[in-house]
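Student: Sharing a structure, written as structure tokens. Questions coming.
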Amino acid sequence: MSGTSRTPHGKGAKAGATGRKRGRGAEARGAATWFSRLEDPSLRGAQINYYVVLGTTLALAFMGLIMVLSSSSVEAIARNESAFSDFSKQSLWALVGVACMLGMQQVAPKVLKSLAWPAIIGAIVLLILVLAIGTEIYGNKNWIRFGAFSVQPSEFAKAALALWGAAIVERKTKLMGHWKHALVPLLVPVGGLVLLLVLIGKDLGTALVLGLVLVVVLFVGGAPRKIFVIGAGLAAAGLTAAVLLAPTRLGRVTAWLFGCADGPPAAGSQDYCYQAQQGIYALASGGWFGAGLGQSRQKWSHIPEAQNDFIFAVLGEELGLLGTLFVIVLYGMLAVAMYRIAVRTGTIFGRVAIAGIMSWIIGQAFINIGMVIGLLPVIGVPLPFISSGGSALLATFLGIGVVLSFAREQRVRLQPAGTPRGIAALLARRRTP
């Protein structure tokens, strides 16, 4: 009796396990189909990707100009300057940036790869010059002044690091599985040197973005997992040391964790809670539809850096929740379009370069928005395309120009259809036994 009773039970268990495997296989096939549609290898898909990247970039930049005019006019008048002073400078940088973007998209990907080494060498030389002859602003030494203009080399280092890292990964494709080849020279000495030079200038926010670019380049390039595990531990230790050794950073992190910070006031006679609190007040007072363009109250010297790091708060106050969601949707569309371009690219160089640029722009937007809404501590990171700042705007346009170069090539060279790429390729590997 016991033998006959086990047989049906064993068959049932086996059938159940087979059913579960089939179910998981069906789910994987369904997800792979969804991502295949998202990645769309058709020529029409290539055209859509190009115009989505171009359109969202111009839309974000246009909204940025409007918000710079609104958020900076009060401070400009207080400095006895024209209300259009900052807006005029930002508009000039935007025109130069659009011209550079359209010019960069005409550069063939092969030429871009040949520019990788000159770009990273130039970035390192400029970062060294910053330490020697740079100008210190708000405790950070990251600018070189040329007459009436100042340039921030660390912004251009982001694009240079993404391009150079992609060129190295492609050259060492078959060796990236070995940790020594993955580390040298991506992290040691080049990547580490760039991070060190930026950290010496006390710009932790830019260093975090550069670190994110390096991580994504290594991940997409196929570096072994133990590098990320060890790297995460070292990064956590480094960030902890950077916070503990700087009273201002420690105060900001404490304010973020506990709601308020004890101790002396930060620079500018503002305590560590003040800037974050004023940003939340601005977002809360905006409601669904906002107070209207130009009607922000918090920008009247209540929010420090209203036109820079906290411009998203002014945007939320004047355009409301719907305005902030519109901006977030634009960033989401830009991310999806860049992902589609990356998985369609036929070269490792293109795939890694686009992934690095995407992590820089979208990751920086996430950090800035998270900082303003209180999910992250206050870090000096501008909102791409929207915050005031010529160097950041020009560098971001150049990065988009690189992406458009690959998208433009795909418009005239159709990728083979029927072969899943990207996430779809990973999911398609799961088969029912």
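Placement of Cβ uses the backbone N, Cα and C atoms for every residue, glycine included.
Keep in mind that TrEMBL annotations are predicted by a computer and have not been checked by a curator.
As annotated in TrEMBL:
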REGION    1-25  region 'Disordered'
TRANSMEM  48-70  transmembrane segment
TRANSMEM  91-109  transmembrane segment
TRANSMEM  115-135  transmembrane segment
TRANSMEM  181-198  transmembrane segment
TRANSMEM  204-220  transmembrane segment
TRANSMEM  227-246  transmembrane segment
TRANSMEM  319-341  transmembrane segment
TRANSMEM  353-379  transmembrane segment
TRANSMEM  385-407  transmembrane segment
Student: Between the stretches 115-135, 181-198, 319-341, 385-407, which one has more Cβ pairs under 8 Å with the transmembrane segment (91-109) than any other?
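Tutor: Selected stretch: 385-407, with the most Cβ pairs under 8 Å.
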Student: Excluding the flanking five residues on each side, which residues at least 6 beyond the ends of the transmembrane segment (204-220) place their CB within less than 8 Å of a CB in that stretch?
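Tutor: Beyond its ends, the transmembrane segment (204-220) has Cβ neighbours at 142, 154-155, 157-158, 161-162, 165-166, 169, 182, 186-187, 191, 194-195, 198, 227-228, 231, 235, 242, 249, 351-352, 355-356, 358-360, 363-364, 367, 379-381.
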Student: Which residues of the chain, 6 or more past the ends of the transmembrane segment (319-341), have a CB below 8 A from one of its CBs?
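Tutor: Hits for the transmembrane segment (319-341): 38-40, 45, 48-50, 52-53, 56-57, 59-60, 63, 283, 286-291, 293, 312, 354, 357-358, 361-362, 365, 369, 386, 403, 406-407, 410, 422.
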Student: Given pairs 6 or more apart, does the transmembrane segment (385-407) have at least three Cβ pairs under 8 Å with the transmembrane segment (115-135)?
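Tutor: Checked: the transmembrane segment (385-407) vs the transmembrane segment (115-135), no contact.
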